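Worksheet: one structure, shown below.
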Amino acid sequence: MRAMRHFSVKLNDGHSMPILGFGTSAPAKLWGTFFRPELVQTGLEVSLKKLQLSYVDLFLIHFPVALKPGEEILPKDTDGKLIFDAVDLCTTWEALEKCKEAGLVKSIGVSNFNCKQLKMILNKPGLKYKPVCNQVECHLYFNQSKLLDFCKSKDIVLTAYGVLGSDPEKEWVTKNYPVILEDPVLNVIAEKHQRTAAQVALRYQLQRGLVVLAKSFTEKRIRENFQVFDFQLTPEDKETQDGLNGNLLYFKDTYFADHPDYPFNDEY
């Protein structure tokens, strides 16, 4: 992530993270085919080789569903069904802790974990390092208020992706959902502040205490989205935006839904 140096948040392990990033760089993420403890460092080394780095600032468990180890990203049987694996996520976490102790990563965290899964890690006997963050889908239509409150109570940063919605043409995105940036309520607030809808949607999450990932592909939008630190939403603005929540999840990843660790069956 790339952000202004002075706009950062202190993590529970002493390191810092920019509070606004644009997808111009990314943390290393551990994919489900590497969840077995003996494969975790190998999975990290694959990422380090691709990035041409000797270490990364942040290493995340990508999604809490284990897949059959091997070269295929999405291993399938002869019927085209995903082949899952059974791995205790606590043992995977222990292997991430070893990667941190080996100096291969500065900080370790998770992504797409629900509250129950976070508690499982936090309550693990012999825990050495808490997750510094949980990277999840979070936007006006799915504001993750309960998960945010829990993470704050445990000094875990909630990192938001999909803040501005997503391209509905992508095959993994839920179809026929409303477009966030076209929301009339959001645009009324934006007009009041003489800002874009995107700037107001980003500012809303920042004022809630989230780290925000806002992927953009044009220089104009990147510059525009950076201009969110010189205005404040009023309490009334925030309350109005709170009211837009409809628990609409764009990224359901339903192809993982048959796995017992699929995270989106729980309320949060």
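Even glycines carry a Cβ here, placed using N, Cα and C.
All chains included, 20 other C-beta atoms sit within 10 angstroms of the C-beta of K29 (site 'Lowers pKa of active site Tyr'). Positions annotated as site 'Lowers pKa of active site Tyr' by TrEMBL: K29.
According to TrEMBL, the domain 'NADP-dependent oxidoreductase' annotation covers 32-242.
DSSP classifies H62 (substrate binding site) as coil under the three-state reduction. Residues annotated as substrate binding site in TrEMBL: H62.
In sequence order, K29, L30, W31, G32, S111, N112 are the residues near H62 (substrate binding site), counting only same-chain partners six or more apart with C-beta under 8 A. Taken as a whole, the domain 'NADP-dependent oxidoreductase' (32-242) shows an average pLDDT of 93 in this prediction.
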